[in-house]
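What follows is a single structure, written as structure tokens, with notes after it.
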Amino acid sequence: MIVRPCFKKIRPLLHFKNPLDNHYCSHSHAIDLAAETQTEPAECSDYRHAHHLFDENLQRVSLNNHLLFEYSRNSFNEEALNLFVGIHRTGLLIDGSSVSCILKVCACLSDLTFGKQVHALCIRSGYFDNVSVGTSLVDMYMKMENADEGQRVFDEMEDKNVVTWTSLLSGYSCNKLVDRALQVFHMMLVGGVNPNAFTFATVLGVLADKCAVEKGIQVHTMVIKCGFEVITSVGNSLINMYLKSGMVREATVVFKSMGNRNEVSWNGMIAGLVINGLYSEAVKLFHMMRLAGVELTRSIYVTAVKLCTNLKELVFARQLHGRVTKNGFYLDNNIRTALMVSYTKCGEMDDAFNLFCMMHTFRNVVSWTAMIGAYMQNNRPEQAANLFCQMKKDGIRPNDFTYSTILAAQPSISLFQVHAEIIKTKYEGSPTVGTALLDAYVKTGNIGEAAKVFEEIDEKDIIAWSAMISGYAQRGDIQGAVRVFRQLSKSGVWPNEFTFSSVINACTTSMASVEQGKQFHASSIKSGHSNALCVSSALVTMYAKRGNIESANEVFKRQQERDLVSWNSMISGYAQHGYGRKALKIFEEMRKRNLEMDNITFIGVISACTHAGLLNEGQKYFDMMVNDLHISPTMEIYSCMVDLYSRAGMLDKAMALINGMPFPAGAIVWRTLLAASRVHRNVELGKLAADNLISLQPEDSAAYVLLSNLYAATGNWQERAKVRKLMDVRKVKKEIGYSWIEVKNKTYSFMAGDVSHPLSDSIYMKLDELNVWLKDAGYKPDMNYVLHDVEDEHKEAILSRHSERLAIAFGLIATSPGIPIHIVKNLRVCGDCHTVIKLISKIEGREIVVRDSNRFHHFKGGLCSCGDYW
């Protein structure tokens, strides 16, 4: 029975209790006794007396060592250190065992200064030649994260045994120096040192962390040859290695072959099954463990509760909660935190918070962070922000995980205030905190501040790089995204599937080069990430939005698995490209497979019906969404239905739908109705839509321009002038129409009547040439699309100089015959240009793809994919 004595925190100690005989004795008395022994005359002629003194000294060394070992074994490390100091200062004998013991104590106390003093004592007193002492020195330096010094001691040792080699190997493993640990193991084998069970257990752990399962299999073979497969610790390490590498079958074979399984074996196997997502198998094994009578340890309870969390098994979690309380583990902080997380995953926030409150003084930064994260996961950012403030009031300092969690709670928190705290606590350089911070700035639209945060991250991991690229992609900044991607490549960090997904998404913007998207597709193939779901889905979206619906379909067909993004992208892509029937075919395939659908799905479906003039089908799918699938229509869905009715000329039905909406109509709905009123020249309805749109977005030029065009189309020039004057008074600027074309990886832009291009003369000569051929083909300009009160001859000149015609003319003279021409326009293509481009595609034998603000038009052989439902 060890009774812990009370010591002053000084060295040497004054009094101590000897745990061997359970009585107190004076340390000074022990010192005096030793002094008396050493002051006997050296010339003593009594040999028996001298021999008696020698034996007495040996006994005293043995007694002191026994006392040191007892203190060390019972974690009385300060007491052991004080005792060693007292022994040394009084000149009492010490030996290699004493030094080895005290070096282990130094490692436990992380007292590097005292450890170095003992190291010096070893060299001075000749103890360094003792293999046990040298091994203890290696172990001490390694445990105090001084790997270089540990290696130096190892290199200076003349005699080394398997324990010495294993200490060095284990030290590198503990310091996460995996490659150096494996190098030590290789040198050990080359040197003819036979590994012991602990060596194998250690190296298998290293291989598990490195996921080097092929080498692990080789080591497994060595384990069998050496006969160590029956050692429980080695079997546990094999199970851990195989499970971390996803080789569940091999781990199961090892587990079943173990003759002596302990709690670690069962817990490791169950935890590994959980990590590999085999929750049902983990539950079965847990019940087998209970039937086998294995005592449930704290670690097993934590694993079992995590299993409940992943399965969202609330009943099972409550049963475990009861057993924990019954077995006396209720006060264990890890178990209570795991239970708290389990309740939050099951949506039982009140139970989780009650458990959190009952933790009282046992609450630490981990439990606080877990509770804050739970509120965030359950979409309660305000409660998370309040708890974060309370945490600081209680004197608990947030760590990097806390900051990473709470940053997602904005706008319930002050982003700048939390950023200031992060800088003050020096967490800004942390990859997790820095990534969360830049993501928060991206979500607020402050990409500049996000870039500054990114630059401050000390060691940028792939998550941070991907987040920055994604931030630029969300802002439509293709140049920023590509720049960061190139920096990533130069930094030596390998992009993963999420990096490629982000940069490919950036290529969906109209300002991105078509070739850039293709290049990133090629890079993803080369790196082996092209088949990843997020990458292939991004490719489908990118090709669909950049006018290459055929390539989008090819990627879609090759996908081994598809998510909702893939299906929605193909439906929306076909809809925007005018292939309504193909879009509906994809949708019907989704229905046959009973796949999940959402509002985005039906936006694509109804848009497909709208662009293809499929009124009845559009009504059917809208009713299916509301009545059968019980999906509540969003503002965008209502806008699609208004567009569907308006294009069919059913403006009254469109207005009735607007009046029946469960919420006030937004700008997108009124803009759709106003555009339809302009097409059908319904001035009264157009005026109503314009008034509502202007009240919602008074600075947006769309409402004024559409209303002005409506008045112009109906010949009401006086009212048109009033609208234009109102725009001047309110300083509303009309958006200028531009068209872009990409030729040889360079993008050229044109505006109506543009003469700034170096080949301007050749472009207009080509236009004149085309005009001759157009008239020969029977083309007559439609003056209704010139919304200016000028002569017809001037109107014809205005039409012939629209920006898309200039871009097409340039494309015809700058590219080889037969190559498709791709044009992007920021406004809608007018009806007259639509007719002209159809004829040009036939005259020139070219496919011309035009992406306007509304959709894609594929012109080929005198026809358009929109079927003139443009």
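A Cβ is built for glycine as well, from the same backbone N, Cα and C atoms used for every other residue.
In TrEMBL, annotation is done automatically, which means it is predicted and not curated.
Nonlocal intrachain contacts for the repeat 'PPR' (161-195), taken as residues 6+ away from its ends with a CB within less than 8 angstroms of a stretch CB, comprise 131, 134-135, 138-139, 141-143, 145, 147, 150-151, 154, 202-203, 205-207, 209-210, 212, 215, 222, 226. Residues or ranges marked as repeat 'PPR' by TrEMBL: 161-195 (among others).
Counting residues per DSSP class in helix, strand and coil order gives 26 helix, 0 strand, 9 coil for the repeat 'PPR' (262-296). Feature annotation from TrEMBL assigns repeat 'PPR' to 262-296 (among others).
Each residue of the repeat 'PPR' (364-398) gets a DSSP state, and the totals for helix, strand and coil are 26 helix, 0 strand, 9 coil. If you look up TrEMBL, you'll see 364-398 (among others) marked as repeat 'PPR'.
DSSP states for the repeat 'PPR' (461-495), grouped as helix (H, G, I), strand (E, B) and coil, give 27 helix, 0 strand, 8 coil. Per TrEMBL, the feature repeat 'PPR' maps to 461-495 (among others).
Among the features that TrEMBL reports, repeat 'PPR' is placed at 563-597 (among others). Secondary structure of the repeat 'PPR' (563-597), assigned with DSSP and counted as helix (H, G, I), strand (E, B) and coil, comes to 26 helix, 0 strand, 9 coil.
As annotated by TrEMBL, domain 'DYW' applies to 778-870.
Among residues of the same chain six or more beyond the repeat 'PPR' (262-296), those with a C-beta under 8 A of the stretch's C-beta atoms are 232, 235-236, 239-240, 242-244, 246, 248, 251-252, 255, 303-304, 306-307, 310-311, 323, 327. Across the domain 'DYW' (778-870), DSSP assigns 38 helix, 16 strand, 39 coil.
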